[in-house]
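> Quick one: the structure is below, and I'll ask about it shortly.
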Amino acid sequence: MSEMEKQVENLSLEAKNEKPKEVILGEDGKPLSKKALKKLEKEREKEQKRKEREAREAEEKKKREANEIDYSAGKYGDLPLNRSTARPGRTYTQISDISAKNDGQTVLLRARVYTSRLQGNKMCFFSLRQKYDTIQALAVVNKDTISKQMVKWCGSISLESIVLVEGIVKKSPEIIKSATVQDAEIHISSIYVISPIKKNLPFLVEDAGRSEEQIRESEENAAEGDSKFVRVNLDTRLDNRVLDLRTPTNQAIFDIQAGICQAFREFLLSNSFNEIHTPKMSGASSEGGSNVFKIQYFKTDGFLSQSPQLYKQMLIAADRERVFEIGPVFRAEDSNTYRHMTEFTGLDLEMAFNEHYHEVMEFIEKLFLYIFKTIREKYAKQVAVVRQQYPSEDFILPDADRIRFHFKDAVKLLKEAGYRKQLVPGQKVPEDEEFHYCEDPEFDDFSTPEERALGQIVREKYHTDFYVIDKYPSSVRPFYTMPDPEDPRYSNSYDFFMKGQEIMSGAQRIHDPELLVERMKALGVSPDVGLQQYIDAFAIGCPPHAGGGIGLERVVMFYLNLPNIRLASSFPRDPKRLLP
């Protein structure tokens, strides 16, 4: 093939492979003119040059930062895992102890990163948290100690990380509303991560600590374009309970709960009580009912304790005179209400008396007043923290030492308010009025709506949230309850109430074996082998005695107006929850 023929063939191939020229259409759908095309081409070249320039500048900035001396090196970063290799003995400060009075002082503290905000590349704000105390801290770039690299790193610290911060306290010129320390802030000199976050948080602690009112208000404002707060439901919180327990509200709740236990123990120890520890597994159910957890105990059946009732009484028969216990109580009740759990903490006591069971009832009244006054005087700060999320009115204590009602007098108060109406067989009652009726108005136990109504009546009429109802009907009390000697339809028993909610049930116990067996049979409880040793304890002599059992979580719930009893338990148990 000649050279000319080759050139012709190549031209032919190029023609076949040549792509059609791009046709650019204008807004009118027609091809652009040459003038318009030229203008578009210039704009494209200009845009391309801009991108190339920005890329060069970014690369140059990166190189400058890499070559820039970090004069804060060693003042920030992740600390190695603490394996207790050294103990320098430095002095640490609590956030609660910091105020404007410390202006100019250097402090060292360990805290969690509650919130953070990077402002440009020269400033980072933190809210540092210890339990329910928070303080604002900031790292600001300067020429000598705080570098841009340090501030940038500060902005990368994950929320809930535990940090070691050293800084100077500065009096704030304005009130810092977002922190509990409102008149001072910390200007950071050094900051290290002690314990980083190694998984994504299921929710923010800040979100879990908001009140229902705050959430609703944000949802209403969202319609106007504002962002709304995240609603963290109770199940999500309980599924991730360790994180949830970090909220300031929960920290305050469980401080108060611990304070109640301490006050209970202090008062009883100062009145010659002995702390006891009874078995939580037994061969018989203490109440003689079916609401017990049955367990396999080697080759026989056992039960988880419903209460320490039987053992408290046996210890009284053993001359222990005054005993108390703080321990777990198990109830196999398939109830999913806001006020029931299958495991809770019981504050139980039992004591011998000399003449009348009212000696014990009066003592328990004084015990409760001591507990309530302890909360009011020593835990006012914690109560205020809880009220930010769960608003409540002050708990009203009676002007006198006690407010008591006979059961039939409480029934009378309810009748006057339109409750306790006789339910006639076959009578149709409106659904919204069902709780106004009962089969036996004089002797039926109070329903939950009736208890609440009575609480409101007593509050308005007697100006108290704390009161006692005495002489409950024998038919609604356990077999070991002493009948009223004057009217056996009633019993020597009592319930204590807070805001119309029962928090303690107690009574004089039967300490005569024959009467005890008689009552057991009358109520359908078999005095079998499982209860025989309990009965025998009274056959060898036992002083008259009375006592009661307090539900710890209920006291916390009702005092703080919590919407659900699960909020008063660190790791609640109910029919649907056995973890965590």
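Using the three backbone atoms N, Cα and C, a Cβ is placed for every residue, glycine included.
Straight from Swiss-Prot, here's the annotation block:
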REGION    1-66  region 'Disordered'
MOD_RES   Ser282  phosphoserine
BINDING   Glu287, Arg331, Ser505, Arg509  L-aspartate binding site
MOD_RES   Ser307  phosphoserine
REGION    309-312  region 'Aspartate'
BINDING   Arg331, Ala332, Glu333, Arg339, His340, Met341, Glu502, Gly551, Leu552, Glu553, Arg554  ATP binding site
> Give the helix, strand or coil assignment DSSP yields for Ser282 (phosphoserine).
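In three-state terms, Ser282 (phosphoserine) counts as strand.
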> Return only the integer: C-alpha distance in Å from Arg331 (L-aspartate binding site) to His340 (ATP binding site).
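Roughly 9 Å, rounded to the nearest whole number.
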> When the Cα-Cα distance from Arg509 (L-aspartate binding site) is computed for each of the recorded positions Ser307, Glu333, Arg554, which gives the smallest value?
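Spatially nearest to Arg509 (L-aspartate binding site) by Cα position is Ser307.
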> Which numbers of helix, strand and coil residues does DSSP report for the region 'Aspartate' (309-312)?
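So the region 'Aspartate' (309-312) is made up of 4 helix, 0 strand, 0 coil.
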> Of the residues named as ATP binders, Arg331, Ala332, Glu333, Arg339, His340, Met341, Glu502, Gly551, Leu552, Glu553, Arg554, how far apart in Å are the Cα atoms of the most distant pair?
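The widest Cα-Cα gap among those binding residues is 19 Å.
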> Between Glu502 (ATP binding site) and Ser282 (phosphoserine), what is the CA-CA distance rounded to a whole number of Å?
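So the alpha carbons of Glu502 (ATP binding site) and Ser282 (phosphoserine) sit roughly 27 Å from each other.
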> Give me the Cα-Cα distance between Glu333 (ATP binding site) and Ser307 (phosphoserine), rounded to a whole Å.
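Cα-Cα, rounded: 14 Å.
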> Which one of the binding-site residues (Arg331, His340, Arg509) has its C-beta surrounded by the most other C-beta atoms within 10 angstroms?
Arg509
> Could you give the Cα-Cα distance between Leu552 (ATP binding site) and Ser282 (phosphoserine), in whole Å?
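So the alpha carbons of Leu552 (ATP binding site) and Ser282 (phosphoserine) sit roughly 23 Å from each other.
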> Taking DSSP three-state, what's Ser505 (L-aspartate binding site) in: helix, strand or coil?
strand
